[in-house]
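Enquirer: Okay, these came from TrEMBL:
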DOMAIN    A:5-179  domain 'CheB-type methylesterase'
ACT_SITE  A:S17  active site
ACT_SITE  A:H44  active site
ACT_SITE  A:D137  active site
Amino acid sequence: MMNRKASYYKSVVIGGSAGSFSIVSKILAGIKSDFRYPIIVCLHRLKHIRSGLLEGINLKSNLPVLEPFDKDNMEAGKVYLAPSNYHLFVEFDSTFSLSTEEVHNHSRPSIDYTFSSASTSFREKVIGIILTGANKDGATGMHEIHKKKGYTIVQDPLTCDVDTMPKAALQLFTPDQILSPDGIIEFLNNL
Amino acid sequence: MAVAPTLNDIRVIAPILEDKLKLDIYNFALSFLRRRFAYVFKQLNIKNVSYFIDEIKKGNLVSDFLYHFNVSDTEMFRDPSFWRTLRNKLLPLFNGSNINIWLPEVVSIHELFSLLVILREVDLLESVNIYCNSPSKNIIKEIQDGKVPLKTIEVSKQNFKRLELHSHFEDYFLEEDNTITINKEFLKNVIFINNSYFNEGPGNEIDITLFRNRMIYYNSKLQTKAENEIFKYIKKGGFLALGIRENISKTNSMLLETHDKNEQIFKV
């Protein structure tokens, strides 16, 4: 476990694809309601369906979940879900920016883009978590967080519906921890 | 291999581009500038920053830069519910009178052709003037050629189905020799302005402005400046459509009322 002072981190970023909806729901249902960091969630999702995912995640979450508008400020204790058909970026001033640039790894939103921008803006003060998923998007972004000394957690491939995404990350670097969904919840609640 | 300029490089490049293009580069969002310059340098195979600066100063790379810098749309009828709202709710408010429509920053065929199809659907194609600004001659030429990029066809067709029209995609777009084109007659009432909207407006009062997903690449300062420029031309009672995850800046939010929250359509 880390030995960091209180409020060291600026955000937690979570990425996932196939099978990750239930894991994210479980994490947000298990997290304490006084969690003090913003959580940014980037999931691969159907581009033409605007609603449903947000409402579904919000149902069980202990923290309010919202889809940010461009230039919205990030606030502690809130969960920000990347909107469908936009890439989501983190700026230096803790605001969000959106983009309709080309899909990356067949995805918009792209997990790589969100993770990389968070690591550029917050450097070592980011916790990156990659979950179950069916393509390699997110692996490069996690590697960026790792290279900038952020804290990295990969979901244990044995607990994944589809382990392509975590395994792609594990091929690039050795994360700080490999955890089950319950382990991720425990880790976050002990921050 | 092309280089990716650093933020320090961009700080050097920005005033030169501003001087040459009258484009407020430095007030684009920082993360956007980093990745967009990397993209432009890759497209132009720029191997060092000094070479790029020299060529811009000589005027050699200006049109290429303008072509690649602005983010292109990647599909027609993006957010089909917006186009349904335009067709079913917004256009009928004009009750058949002539309508001036403005696209302050047209970046590809997609947004304009989507608009033309909707106007044709409601039989208003002959009753509109459509003003389109682009500083890039190449983009205007591409639009006038009427060709739809093949890689965007499938998603555009899927979006078209969600418009819930009685017509078919093929009614509007001709597929021939592996190329898809729009009927060029549709462009008859489109007026192209080969300049940034910051430097030259439509020269007429505007009823509907489509400016979707363009200000997401600006910082707050440039967004406010852009809004002020656009507001100069929108008629009292006219409409402004932004992208569905965009808002009017806090500075200007009192100047407009929200007409449709889901589609981010505002009324002056």
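If you go along the chain as it appears here, the first residue is 1 and each next one adds 1.
Placed from the backbone N, Cα and C atoms, the Cβ positions cover glycine too.
Because the structure is a prediction, the values reported are computed rather than measured.
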Enquirer: Radius 10 Å, atoms counted are CB only; among the active-site residues A:S17, A:H44, A:D137, which position scores highest?
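Expert: Of the active-site residues A:S17, A:H44, A:D137, the most buried by Cβ count within 10 Å is A:D137.
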Enquirer: Taking every residue in the domain 'CheB-type methylesterase' (A:5-179), what is their average pLDDT?
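Expert: For the domain 'CheB-type methylesterase' (A:5-179), the model's average pLDDT rounds to 93.
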Enquirer: Roughly how many angstrom lie between the C-alpha atoms of A:S17 (active site) and A:D137 (active site)?
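Expert: Cα of A:S17 (active site) to Cα of A:D137 (active site) measures 9 Å after rounding.
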Enquirer: Rounded to the nearest angstrom, how far is the Cα of A:H44 (active site) from the Cα of A:D137 (active site)?
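Expert: Cα to Cα, A:D137 (active site) and A:H44 (active site) are separated by 9 Å.
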